[in-house]
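According to TrEMBL, the ATP binding site annotation covers LYS89, MET90, LYS91, THR239, ASN346, PHE347, ARG348, LYS365. The annotation disulfide bond is assigned in TrEMBL to CYS137-CYS218, CYS182-CYS205, CYS188-CYS212, CYS270-CYS280, CYS314-CYS323. Residues or ranges marked as N-linked glycosylation site by TrEMBL: ASN237. Residues annotated as transmembrane segment in TrEMBL: 50-71.
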Amino acid sequence: DGREGTSASQDRTALYSVPPKMKSYIVEAVSSFLFEYETPRQVLVRNRRVGIACRLIQLGVLGYIIGWVFIYEKGYQNEDTAIYSVFTKMKGVAYTQISGVEKVWDMSDYVFPDQGGDSFVVMTNFIITFGQTQSKCPEVKFIVNSIQAFCHISTLRSSPILHQTSQWVQDTVPLPDGKNNCNSDADCETGQIKRTGNGHMTGNCVNTTHTCEIVTWCPVEDDRQIPNPPCLLAAENFTLFIKNSITFPEFKVDRSNLVESVDASYIKRCLYHPATDPLCPIFKLGDIVRLSGFNFTEVARVGGSIGVLIDWECDLDYSIQNCKPKYKFHGLYGSGTTGQASVGYNFRKANYYVEDKVQKRTLMKVFGLRIEVIVHGLARKFDIIPTLTAIGSGVGIFGV
């Protein structure tokens, strides 16, 4: 039994032992990996064309690394985008006289909404329909009793207040637009609402206007003739104050467009000009429209949209005082060509009230300039990691 156990133990040892040849191979491989170093063989070619071509390629690679990677793309710097907030405030007053009624318009009347955000509308023109009630009336009414105004600039002017009067259109001739015409009651299906209509059809065709009778807010608004010139042409002299704050969280840097040179005394007298006052945060509305490429009178009549871009490009390797905003203006839409499907910008606003226990409203179709304040912020600062990465990629290209 003892001999059998010894034999079995020797068999197991022989089974798990490493052959001498394999052991020698492993030792040689590890020794070669740790203690030997090899380089590629180089061949010296004595040829002018090949030599010149090689140097030109190397020069191009060097120019790419220095010119493009380091100088243009600033590959030695780390980047961070800005988090920002925008506060706006409009100022200015306009005076109108509509049908003998005088009214002064201030920022609470012509700015929508009035919270001072980065997107808002400045009213420049409007069509008002007074005294609407829930009743029955034809789709297209006679203009004779319509209470809608066409604004005309009077000879009395003062800046920044522009005095305007209004002339009421009074005519006994209807102005059918053809969208809701009818010849008989059969053309006005009871209970239906036309896509181009303004209310619920009663089934009656009104002979005097040849349009369908509807249940709606009466009289129906007639917006086919837009006041020209605009009712609030004085908006050209309104001013816009923009306060912008940004932060670059990666670099823990906070900045405002009220930079060091924009102090309390300067801001009281400055007005933005791209050449003489490029850092002034107060803008004349007429200048914004002009710099965006629009004509103020044209765009004020039908409305439009303008983008105000505040561009921050900051190199934080230099003084923080060099981190300043640049203002740019872009006309998004406004001026249109004849026959274009949709021109300008407008919306409707209603003021409700009760008179003789009857609910009424004054409907205003507002044409205005929609201002979008857009902020783009990018900061760069030296960082060793992108620097080494750029250098390593350049060395690798040279190696090829």
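Glycine is treated like the rest: Cβ placed from N, Cα and C.
Around ARG348 (ATP binding site), the C-beta neighbours below 8 angstroms that are at least 6 residues distant in the chain are LEU363, MET364, LYS365, VAL366.
The separation of CYS205 (disulfide bond) from CYS212 (disulfide bond), Cα to Cα, is 5 Å. Of all the disulfide-bonded residues listed (CYS137, CYS212, CYS314), CYS212 sits in the most crowded Cβ setting, with the most other Cβ atoms within 10 Å. Annotated pair PHE347 (ATP binding site) and CYS218 (disulfide bond), C-alpha to C-alpha distance, rounded: 19 Å. Neighbour counts were taken at the CB atom with a 10 A radius for the binding-site residues LYS89, LYS91, LYS365; the maximum falls on LYS365. The binding residues for ATP are recorded as LYS89, MET90, LYS91, THR239, ASN346, PHE347, ARG348, LYS365; their greatest pairwise CA distance is 24 Å. Sequence-distant neighbours of CYS323 (disulfide bond) (same chain, six or more apart, CB under 8 Å from its CB) are VAL253, ARG255, TRP312, CYS314, ASP315, LEU316, ALA379, listed in sequence order.
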